[in-house]
Every structure is written in structure tokens, then in C-alpha cells.
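Asker: Below are the features listed in TrEMBL for this protein:
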type	residues	note
TRANSMEM	B:6-27	transmembrane segment
TRANSMEM	B:34-56	transmembrane segment
DOMAIN	B:77-118	domain 'NADH-Ubiquinone oxidoreductase (complex I) chain 5 N-terminal'
TRANSMEM	B:118-136	transmembrane segment
DOMAIN	B:135-408	domain 'NADH:quinone oxidoreductase/Mrp antiporter transmembrane'
TRANSMEM	B:142-160	transmembrane segment
TRANSMEM	B:211-228	transmembrane segment
TRANSMEM	B:279-300	transmembrane segment
TRANSMEM	B:331-353	transmembrane segment
TRANSMEM	B:373-390	transmembrane segment
TRANSMEM	B:427-447	transmembrane segment
REGION	B:525-546	region 'Disordered'
TRANSMEM	B:549-570	transmembrane segment
TRANSMEM	B:611-631	transmembrane segment
TRANSMEM	B:711-730	transmembrane segment
Amino acid sequence: MHAVSPLTLAALLFAVGVYGMLVRRNAVAVLMAVELLLNAVNLNLVTFSALLRDRLGMGQVFTIFLITVAAAETGLGLAIVLMLYRNRGTAAIDDARELGEDGALGLKRLPSPTPPAASENDKAVAK
Amino acid sequence: MSQASTVALWIPLLPLASAAALAAVSITERGRKAVPALAVVPTAAAAVLTFVVLFGHGTGAATESRVRYAATGGPELWLGARVDGLAALIAVLVGVVATAVQLYSVTYMAHEERYTSYTALISLFTAAMLVVVYSTDLLLLLVGWEVMGACSYFLIGHHWERPEARSASIKAFLVTKFGDVPFLLGILFLAHGAGSFRVEPIVQHAIHQGGHGYTAAGAILLIGGVMGKSAQIPLQTWLPDAMAGPTPISALIHAATMVAAGVYVVARLYPVFLVTPAALWILAIAAALTAVTAALSAFAQRDLKRILAYSTVSQLALMVAALAAGGRDAAVFHLMSHGGFKALLFLAAGVVIHKAGTGNVDELNAHGLRRKLPVTFVTTTIGLAALAGLPPFSGFFSKESIAGVAYETATQSGPAKSVLGTPPSGIGWLVLIATLLTGLLTAAYCLRTWWMLFVPLDRVWLRRDRKAAETPAEAAAEVAKTIVPASETGAAALEALVAASEEAKSEPGAVVGVGAGAGTGVEEGTGAGAAASAGEGAGKPRTGPEAPLAELGPLVVLAAITTVFGFVGLNHGWFASWLGDADGNAYRTAAAEAGKLIQPADAYRLSPAPLSTLLAVLALLLGLALVFSALRAKPGTDPNRVLGLLRRPAREGFHADDLQDAVAVRPVQLAADAVVFLDAEVVDGYVRGSGTASRALGEGLRRLQTGNVQLYLTGVLTGVVVIAAALGFGR
């Protein structure tokens, strides 16, 4: 059996995954794109495992391992997305830029958070 | 045990213990009443012990007591004393002068706040000089030598409130240290050549191996230290400025310690120099120049202490010249007699300055000091006569012996100076001429100084008939007119004197009182002049009797020594046989006949040759006549105007300071500026530049941190693609 078909399929899947990850704004869609990337890699692992007649089946072991990790990662990612949505009312990934530097390229200066009102203790100290 | 050198081991420890005790007192601020006793008694005890060593040594061979201090693998280091005639004699000089100075300081410095630390430093100074004198090891000698340099720094800067004292102390330290660098190298060369730091092997090595290689290099390098400590050209400038220190310190530095150390070291290592004609030539040229120029400078000075300082430079140059001409005995003889009368002169100058409140001889002339200070008058006269070389005072004999040695070396007549050969006759002629010229000038400035101190310049029998001034105020104005053109102080002094005379007009009673106090009617005008200089606020004259006994006592004792000391050189071999041979052996006929002595038996005499004596006495008389005729020709003016055009440069020390400034100080400052520039601009530029560059880099990278995760991922992907492409296509 030729390895061309599964490898081509894996490459296409990977390309789609990269495109989705870099371009989509919705965080859920980005997570789905990441799944595509991982599965493209899984396909490669299985293909080469069969092609090289790996007696220990390391490629398949890695695939199962990766599926497990991907499931956990998706659970975690979805939880983060959920919290993001609850706090901001949107899941658009390029709006979540609070960690960017002030005055960075193409970023508007964020409104500085209002300082908390001085507490009673501070007033006492000021006196 | 009874060896003289065993006693000598302990002598420097006495003043050292005294210094430690005084330092403790000065810290605790208790027991100040015991300070004079703590200062004088150990020093006096050390002086007595130096006599014990001298008579214990007698005319025997050199003795040595030492312990090994450190096994170095190379030449070993020894702690110990080596007593030969030279060391024993110079130690006596040190002990006597130090005791006189300590005794004198008891009253002279008693009112000083820092008297305790001052005496502690004098004791340390004395201990250091005794270490230099007795030490058997050149490195131990160097320790004493450097301690003396440090002590002179502290003592010259005793009045550190005054800027000139501060700068003088720094100058003394730096200039002598400048000479100490080659001195240290010279010691190392000699020790390497002889395989030992001890004096005796080094001297023996020079005698047996001759003057090449390490010995010659060592001798020439040692001269640097000698010039620094003994104030010879080109390192002579620190000594006149050192007058900023208290007067007893000047006496100590100029007579017995510090400046004597340079001459002493040459005398102690004499064979090393004898076998190196180049070193002798350097010594002779420097000394001849120094002797004449310093004598000219002394003639032109106005300050009493500066006159004495320049005369010290000039007399030290005579000793160095005698050493260069092969006359070790004559040089040491003059060192000792000079130590006596120069200490006397400085201590007397202290009395004069305390009494009159000024050291300016123009002003002192008007004080009528002869009547106010009878004891000082007599002792100073003796001191100046000895300095000028008048018989029968000690200076006459020692100077004649130098002239005699120079004459014999010049004509290569008389007995050979040593088995190592007589120095070249050129050195002899040079030294002879310098000695005669210096003798002439010395006589001239001694007479001038004496006259300025004790005899009013416009005595009646000197000047043309003059109508006596009717009131003291007019007399003061007349004195002002007479003195000012001569004193060159110009309009300022004229104004001061005229102002003073106007003051005197308003208060005639006070001036009359001063005039009467000054004595006779002839000197009335002079008395008013004294009032004028006092009105300038020149100082705080001391009132009351002449001086305390503690100050006059040392004067009288030193004057007595000065009067009689010269005669020890007269008899065939008294002084010379005490002094012993240049390699430390005693003079013994048997040894001389066996050819074991460096100096043949005939060289053991100091009594001068007739012809050189005649020449020297002629020079002396010529000098006296010069000043006397100047006094007669224009009464009331300073006789040093006979110097003519030379007077102004001579007063400035022939601008040696400017020369040093141009040759040494300014290049060093330029180099320092260059180093500062290199450090601040070049080295720091790199350091600061690396900081600035990383800041700029960080600022740029910060701009990329937009917070957009997808942008980061794009960057990562681009990087991966680029690396993959590079790896894939780069093969």
C-alpha cells in the first residue's frame, strides 16, 4: 500500500488546521482547528508505523496517547473559552489582548483601570 | 655581651617606647603633666647610651649583633646593629641634638594644643634615625629611612591649619619619595650583587670585585635617595619650604636626622661609591651646583629660617662634594660640626622669632635684639661664625679639611685616599672651586644675617651725618623712606609705614615709650620703626625675660660644643681613628702595613694643607669684605644688593620649583588627565553603551508584544518554515 494517500490527507488536514488556527476569531473554532492539527499528526504516526513495520507499535502507542491528551486539552480549552465568554460576552480570541504591552504595534492604548477608592486604613495613615 | 653593638641594639627602642607612651597619652587625654618627662628622659637616656656605645667601641674593629629575621630563600633578612666608628659618632650626634630639641620644645611648644603628638613624632623620628645609623641590614635601614620620611611629613605639617604648612609637608613627602624609588632599586641591586642585604658583605664585595655590574648600578641608583633626603639638586626644593614646620623641627631635620641620613648612607657604603667613578662624578657635579646656588639663595632670602634652610642645603652639598672627592673623614667631620652649629642656629632663631613675632630680617633689624636677647646674641654669633668658617669654631676645621681633601685630589698630591684609588683630579678641581666659592658666599651671608639680626643697618658710624628727627613720628616716616627703597616691598610697605607713622602722630605717648624702651637716643627712629612693624600685626611678640631656661640651656651647650669640637680634628688621628676605616675596620698600624686597610695610614688625618687653608681663608675674608663694603657704601640698605641681577632669581631659589613643575608635576598631571579621560569616556563608554543598546533592543521587542495570540503563532510558524526551508534547501 502506498503511503501517498494518507500522507496527503494528513498534510491537507494540517494545512486546514493551520489556516483555522491562525484566521478564525471564534475561540471554539480555533480549538477545533487545533484538533485537526493533532489528528493530522496522528494520521502520520499511524502511517509511518505501518510503513516501517514497527514491531513495537510505537506509532500506534503515541497515537492513543495523543488522543488522550487531545481530549484533556479540549476539555481544558473549552472550560477557558466558557469562562472567557461568561466574563466578556464574546468568545472572539483577538479581543482578549489584556496581556499585550502598552503602545505595542497596532494596539490601542487600553483604558487604565480606575484606582480603587482609598480605604479607611489609608486615610488613617494619611492623617 | 660587652660588645658595643649589643647595647646599640636597644638604643632605638628607647625613643620608640617613648613615642608609644606619648601616643597613648595623646589618645587618653590623661597624664599630660608627664609628657615633658616622657619626651625628654628616654631621649636623654638614649643619648647617654650612644656615648656608652662610642666609648665601648673606642677605636676597635666593627662589631655586629644580629638575629635572622626571615629566611627568604634568597638573601636573608637580619635584625641587628653594626657598630663601627662612623655609626657610633653619628649616633652621638643624633642623640645629643634630639635631646636638645626635646628639651627646647618643653617650653617652646608648651602652649601648643598638639604638643603631645608632636613629641611622640619627634621620638619616633629619633628612633627611626637611630635605626638608620645602627642597622646592619640595608632593608632595615630602608624601614627607618621611610619612617623618617613619614615623620617629617607629619612634623612639617604640624600647623596643618595653615595652607603653606600642608603643601610643604606634601611636597617634602613627595619629593623625597621620588628619590626613594631608585634608592630601593639600588639596595636590591647591591644585595643581588653581593648576595646579602648586610652592609659588610656588600662593602667587601665592592672592595674585592670592583665597580662593575650590580655594584655600579646600585651606587648610581642609591644617589637618587641621597639627593632626595639630603636635598641636592634636582631634589633640593623641599627643604626651604619645610620651614613651615615648627622651628625645633627644623633644627632636628637640618642638623641630625633626615638630611644627615643621605650623607651617612654614602659614607657607610663608601667603598661601593669609591669603585664607581660615574657615581662620584654625579655626586660631585650635583653637589657643586647645589653648594653655590643654595649659598646665593641664602644670601638673597629675607626670612631668617629660609636663610638657614638654604645654608643647610649648601653645607650638605659641601659634605657630598667632599665624599665625591674621596674625603669620607672630612665629610663626616663636617656633618658632625654642622649638626652642632646648625641645631644651635635654628634653636636660636626660634627664640628670636618668638621674641620678635616675625622672622623677616628686615623687620628684625629694627628690633634691637642685641640688648633684648644677650644669650641668644652670643650663641648665634658663635653659630654664624662657625657656619662662616671663622677660626677657632668647629666649622673652620671641618671646612678646611674639605678644602684640603679637594686640593689633594685635584693635584693628586698627598697620600692616596684609599687602596681603591683616588678619585679623578677633575672631581677634585670641581669640588675645590665649589668649596671656595661657597666659602666666600657663606661668609657673606653669615655677616649679612648677623648684621640684619643684631646691628641696625643705619648706625651713626656707618651713615652720613643726618639731622636727628625732632619727633618720633617724623623719625618713623624717615625710616620708612630709608628702608623702603631697599626692601623692594614697594608701595604697600610704604603705605603701611606711613599709616603707622600717622597713627604714631595721633598717639605720640605710645611711640615715645617704645622709642625709650629701645634704648639710646640714636636709635629712636629705629624704635618707631619697630612700632610700625608691630602695627602691621606681624605676630605676637613674647614679652618678659629673654627665654625660659629650657630654651637657653640647649643653646649654651651647643655653643660650647661648637666652640671646642673643631679641635678634635686637629690632632693627627683623634677624629679619624675614632671614625675608623671605610670598611669598618679600625685604624691599626699593623693592619695598615699589611695593606688590609682601604685608607692607608697617611690618609688618617684631617689637619688641612697649608695652601688650601690659605685659599679658603682668603675666600672667607673676601666674603666678609664684600658685605662690609656694601654696608659702608649705602648704609641702611640690605647688603645683599651686591648680588645685582642675581638677587631676584636667587631669592626664588633660581626657579627650581618652576623647573620641577615643568619637568615632573605637569607631565604627571597630564598623564592623570589622560587616564581620567580613558576611564570616563572610553571604558565607561562601552559599559554605558551596552546598557543603552539592550534598553533599545528591549524597547523594540516590547512593541511586538501585542497580546494577540494568533500573531504570536504566526511568528512561530514563520520561524518553523524558515528553519525547515534552511535545513531542507541548505544541504
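Any Cβ shown, glycine's included, is placed from N, Cα and C.
Not measured: the values here are computed from a predicted model.
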Asker: Before we move on, state whether the transmembrane segment (B:427-447) and the transmembrane segment (B:373-390) share at least 3 Cβ pairs under 8 Å, counting only pairs 6 or more apart in sequence.
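Answerer: The answer is yes, given that the two segments have at least 3 Cβ pairs within the 8 Å cut-off.
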Asker: So, does the transmembrane segment (B:279-300) come close enough to the transmembrane segment (B:611-631) to give 3+ Cβ pairs below 8 Å, pairs being at least 6 apart in sequence?
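Answerer: Contact absent: fewer than 3 Cβ pairs fall under 8 Å.
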Asker: Please work out the helix, strand and coil residue numbers for the domain 'NADH-Ubiquinone oxidoreductase (complex I) chain 5 N-terminal' (B:77-118) from the DSSP assignment.
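Answerer: Secondary-structure composition of the domain 'NADH-Ubiquinone oxidoreductase (complex I) chain 5 N-terminal' (B:77-118): 28 helix, 7 strand, 7 coil.
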Asker: Six or more residues out from either end of the transmembrane segment (B:142-160), which same-chain residues have a Cβ under 8 Å from its Cβ atoms?
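Answerer: Sequence-distant neighbours of the transmembrane segment (B:142-160): 12, 114, 118, 121-122, 124-125, 127-132, 135, 166, 168-170, 172-173, 176-177, 180, 183-184, 187, 225, 229, 242, 244-246, 249, 252-253, 257-258, 261.
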Asker: Near the transmembrane segment (B:711-730), which residues from the same chain, at least 6 beyond its ends, have a CB less than 8 A from one of its CBs?
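Answerer: Contacts of the transmembrane segment (B:711-730) (Cβ under 8 Å, skipping residues fewer than 6 from its ends): none.
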